[in-house]
Amino acid sequence: MDYKKSLNLPDTPFPMRGDLAKREPGWVAEWEETQVYQAIRAASRGRPRFVLHDGPPYANGDIHIGHAVNKILKDIIVKSRNMAGYDAHYVPGWDCHGMPIEIQIEKKYGKHLPVTEVQSKARAYALEQIDRQRKDFKRLGVLGDWHNPYLTMNFSNEADEIRVLGRILEKGYVFRGLKPVNWCFDCGSALAEAEVEYADRVDPAIDVAFPFTDRGALARAFGLDEVDAGAIVIWTTTPWTIPSNQALNVHPEIDYALVRVTPAPVHGPLLLLAQERVEPSLKAWGLEGEIIATAKGEALEGLRFRHPLAAAAQGYDRTSPIYLGDYVTLDTGTGVVHSAPAYGIEDFVSCKAHGLADSDILGPVMGDGKFVDSLPLFGGLSIWDANPRIVEALKLADSLMLVQKLSHSYMHCWRHKTPVIYRATSQWFAGMDVKPRDGGPSLRESALAGIDATAFYPAWGRARLHAMIANRPDWTLSRQRQWGVPMAFFVHKETGELHPRTVELLEQIAQRVEKGGIEAWQSLDPRELLGDEAELYEKNRDTLDVWFDSGSTHATVLGGKDGVLGGSHGAELAWPADLYLEGSDQHRGWFHSSLLTGCMLYGHPPYKGLLTHGFVVDGQGRKMSKSVGNVIAPQKVSDSLGAEILRLWVASTDYSGELSISDEILKRVVESYRRIRNTLRFLLANVADFDAVGQAVPYGELFEIDRYALAMTAQMQAEVQGHYERYDFHPAVSRLQTFCSEDLGAFYLDILKDRLYTTAAGSAARRSAQTALLDITQTLLKLMAPILSFTAEEAWKILAGSALAKQADAPRVTIFTEVYHALPPFADGEALTAKWTRLRAIRAEVQRKLEEVRSAGAIGSSLQAEVDLYANAADHDILASLGDDLRFVLIVSRATVHADADDLRIEIAASGHKKCERCWHWRPDVGQDADHPEICGRCVSNLFGAGEPRTRA
């Protein structure tokens, strides 16, 4: 007889190899065809709402690995929340306006298209990009409302954004003023804080002398009767700002010194600078000197000094006063700061505080980075080309003390990678320290309070965002672009004032935009709204900062706190969102702008929690770079290894820091995936012939080890669900992996094989095991589904068509409409766990001893061994309680327990009996049945009799 055929060998259509790259697109197509997302919505209707609001990626270019990380994390959260019993929608969004798309239109069609044509072509281009990105996001296994995303360029969104502008204007936050803003010459526009990045740059660092003018006043400040000629010395890394100098700054508490130097410079023998900087400065200038007097900075306030280029051109023959400034430091330079209010925030604030009118601020730099033609000596030059000319002019005017090359971190445009300057322009602002008209705290105060009320994942994000809000300037709302939501104001031609009915007019304009998009504002004749007044007003040509676009989506998409706007997806989503999730750069970007708009509109943040993930780097910790050649595209990984591997990599990595990826790292992820898949295959194969309705064993009648396995599974499930709840995905993956490899593979399933394969197919022993395995399989698949979505769905289809097929509440078409599995509570769960934890420890000791004996050549497999265990009372009771089933737990042919006063002692010997050809145990009763001499007594009973007596394992 071929006894192998008498075994219950496992079988399943779930293949060992996932063949993910080839098979995943089929699942994506099936989810689309069967409308899985809509099925999830129907199954979740009426449950508590959970809202993850999607931070919109920009609609330009293919997705990169950072996009994949972001979307996969969001998908894990939404799926896990749905399976935890929430109604969690996922409405993807796209950011559509702004410079990058405008640049693409200029590249393709030139720079001189009419504005309406730029807008229509930009709109079409954005739609093309969205289609490309949407396809790639869906390929990652991300489920969402892909047919109805929110787009910031949707007419309704553009209209509601204008309404948001009207509301914050009405509240008193918006004003127009001259201020230095981040300015990119290539963009020809102001930039948001989030659009500025820092890179190293080499600039000339110069020490410049401003000659004394009123020597009598200077002498009195230092307590002297008189002083010789000389100069105060400043240090700057922006020579191009010297023509615009209008003041000097010193620190009120710093000691300043008058130094007599030799050889004497042309402007005189005295130099004025901070006392602490005298020694290093004289050394750098190649001068000797002695301090003749000192004074605190506050004594110098109001003293005036001649412009250093006065001797070079009459247009610079003016003086600059000293203003006090707490921001002056002694880290570098001379302790004296030159102030050009048009090109520095602190300079601007200081000069304005001392009464300088906007009209008196010198701003010779045009939007393209060139000086106005009328500027003496340097008119028409770009500021960067002017730098060496200015240095040379200072030298000829005998005002240059020193020039050096300095490498330093400097502001750059994140799009063009070119230097950015501060430039005073007339812009529209949201005031950080403005009190709203209806009373209450300022925007800065309410935003800081909102940060304190927000949950941060990881926790360090709170301090980072807090510092940014505490120190940020007013928000520059306006941009000088064409493809953007208009700041649809009518401005008086003479006074510059807004029309008195602006809020009302904005609503009328919004209604037009709702029907025709932002193009409706472009084509609007002012007379249609203003009548005869139209001659007095002009249309404001500024557009809103794109960060206002995305930053107001909590109102335009979620519907806002009061529901007045409704929101494009207000019915599915809710305000505030439970979670915003983006990369760490969004503390400066979307988190930031959303916080400010939320606080301006409603006095609160639009989110309850912020989750931040790090950037992706290679295996050596380097940023992804085409020049370095270390870029890993998500499309390539999906096409070669499968998106499932990307998903597992994301979930396995601690996203709170940098996420490392490389071919080697992905190979390790593939190995982890294979181990999980093999576990699933074993589980599915061993419940393939099981009917959950007609063959399940009541939980109270399960074998002891099966009850323990379920208690162990319940504990694992609670831990993993807790990790999901806290957005801790890498510990969740780790726990699932150890459960599969250690709790199941190396323990429970290892022990179970004998019972599953050798007992009668319909025996209570085998059905008990299958009952437990089915619960374990369902639990495991549902816990894995948010991460390993393709694999869980594949396995679920098989399970639903076999073991679960006859259930009255048979599983739905997809695992994603399920909730986490409800495991039975066991009254003796804690006692079982304590007992079997000790049994596993003893088993590990036995296995170690068995390995020693096997290595010595005394036995082959562990089944050739017979074990004697000498145990103290506590261990003896535990071991003896299993009776003959102990040998199955230890996977040996005999296990005998002996009472002993001492700690555990294990003796192992090779069996002297014959090996059963069916179960491979070495037993004394092999050969005793004349009809079946090749097999042991229990196999004879299992095949031809009542079956072996077995209740524990």
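Positions of Cβ are set from backbone N, Cα and C atoms, glycine also.
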Would you mind telling me which of 57-67, 156-166, 541-551 Swiss-Prot tags as motif ''HIGH' region'?
57-67
If you draw a 10 Å sphere on the Cβ of K626 (ATP binding site), how many other Cβ atoms land inside?
7
Three-state composition of the motif ''HIGH' region' (57-67), taking helix and strand from DSSP:
3 helix, 1 strand, 7 coil
Using Cβ-Cβ distances, find the residues under 8 Å from C936 (Zn(2+) binding site) that belong to the same chain and are at least 6 apart in sequence, listing them in sequence order.
C916, R918, C919, H921, R923, D925, V926
Of all the binding-site residues given, C919, C939, which has the fewest Cβ neighbours within 10 Å once its own Cβ is left out?
C919
Could you give the mean pLDDT over the motif ''HIGH' region' (57-67), rounded to a whole number?
95
Using all protein chains in view, find how many other C-beta atoms are within 10 Å of the C-beta of C916 (Zn(2+) binding site).
25
Validating a neighbour-count step here. Other CB atoms within 10 A of the CB of E582 (L-isoleucyl-5'-AMP binding site): how many?
21
Looking only at C-alpha atoms, tell me how far K626 (ATP binding site) is from E582 (L-isoleucyl-5'-AMP binding site), rounded to the nearest Å.
23
